[in-house]
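**Q** Please find one structure pasted underneath; my questions will follow.
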Amino acid sequence: MLDPNLLRNEPDAVAEKLARRGYKLDVDTLRAHEERRKVLQVETENLQAERNSRSKSIGQAKARGEDIEPLRQEVNALGERLDAAKAELDALLTCINDFSMAIPNIPADVVPLGKDDSENQEISRWGEPRQFDFTVRDHVELGEMAAGLDFAAAVKLTGSRFIVMKGQIALMHRALSQFMLDLHTEQHGYQETYVPYLVNHASLYGTGQLPKFGEDLFHTRPLDEEASSSNYALIPTSEVPLTNLVRDEILEEETLPLKMTAHTPCFRSEAGAYGRDTRGLIRMHQFDKVEMVHITRPEDSMDALEELVGHAEKVLQLLNLPYRKVLLCTGDMGFGAQKTYDLEVWLPAQDTYREISSCSNMGDFQARRMKARCRPRGESKTRLVHTLNGSGLAVGRTLVAVLENYQQADGRIEVPEVLRPYMKGLHFIG
């Protein structure tokens, strides 16, 4: 959520910055709402003052023995007008809030201008794609040869875009998540955190999934049903519960940064992905991810983003998986992001790089929604924190990359050296 003062005082400047990401801010509606708010605010305050004055007059008239009925009727009429003005103001404030909640974040000045992913900026590459002297198999064929990926069973149990993993493939999937968690907690300074997989609507508003992206979530009740204590959604990423741990909190600045990581399943309806990546593990309704979240002082967040993406890169480097780092253009960034890097891993069967991690600085966009603040030592005044999040990594896509990059001519998979301690010392599977 953008700063309301910025929207009120500099709407044209905000509109110009948002236009860089292809968003047209309705400045006329914004101004009309603000003008009406000012009128109602003054009207409400005047009616309240007049009602208080008239109420005081009733006591004075009564003490003098005068007939107070005319004054009482006048006070009642003022009360009705005040209630009506308050109701209209409350409705308008709700409308303004809904309007503001739908506005995306302002891109950082360094973000390249562009319409879509074709205009993203490649920053660097690491590793050389392996040259195979045999016909490359994709991860689906390799997983089925190893009797470890069973898509048919998942369809029987649930439906499409789900998977049943078995045996050594399931072991490798678990090993990857354990390796990532150990790396982040032992070398990168994160606190491992276990979080709920169901969250309430307040959490989803806090990190920006609601109200705009409700159809992308799996809800325990219809989204249009009135919110209640039991109206939950499955998490689309553990960014949601991890970041919301600081909702409504005031943190002492000397405790920052906070660095948290969690391994969770993630659940997404993929409402806009019909027909895309229908084969294999690339785009699933349920997938595992190791998430990294930073809570920082405002002045530290851009440096923290570089650190965050470096931690995700380290996972790929230790697995010896070729990848490239991409700076997203304005038109390809997520709704709440100021600046985003994607890491794309090389998939031999697709002969291309595919996203495996997205790392974003959200600035104070989420913090304003969550009322997450920090306070400098010895001061009473608070300020909003900055929040960052990144995949470290998507476990299923990492499994895909390992299967395809480490495949042998006979269909077996060499186990990356760093995973062997997590896989009973196995050097090959399949």
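Cβ coordinates come from backbone N, Cα and C, glycine included.
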**Q** Report the candidate from E186, E192, E291, E344 that shares the L-serine site with T237, S238, E239, S391, as recorded in Swiss-Prot.
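**A** Among E186, E192, E291, E344, only E291 appears alongside T237, S238, E239, S391 as L-serine-binding in Swiss-Prot.
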**Q** How many helix, strand and coil residues does the compositional bias 'Polar residues' (45-58) contain under DSSP?
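**A** The counts are 14 helix, 0 strand, 0 coil.
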**Q** Tell me, how many other CB atoms lie within 10 A of the CB of I356 (ATP binding site), whichever protein chain they belong to?
**A** 26
**Q** Looking at ATP and its recorded binding residues R268, S269, E270, E355, I356, S357, S358, figure out the farthest C-alpha pair and report it in angstrom, whole number.
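**A** Max Cα-Cα spread across the ATP binders: 19 Å.
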**Q** Compute the mean position of the Cβ atoms of T237, S238, E239, E291, S391, which form the recorded L-serine site, and then list in sequence order the other residues of that chain whose Cβ is within 8 Å of it.
**A** V240, L242, A262, T264, C266, K289, V290, M292, V293, N389, G390
**Q** Tell me, by DSSP, whether E355 (ATP binding site) is helix, strand or coil?
**A** strand
**Q** List only the single closest residue to I356 (ATP binding site), chosen from the binding-site residues T237, S238, E239, E291, S391 by CA-CA distance.
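**A** Sorting the binding-site residues by distance from I356 (ATP binding site), the top entry is S391.
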**Q** Have a look at the binding-site residues T237, S238, E239, E291, S391 and say which one has the shortest Cα distance to S269 (ATP binding site).
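**A** Out of the listed candidates, the nearest Cα belongs to T237.
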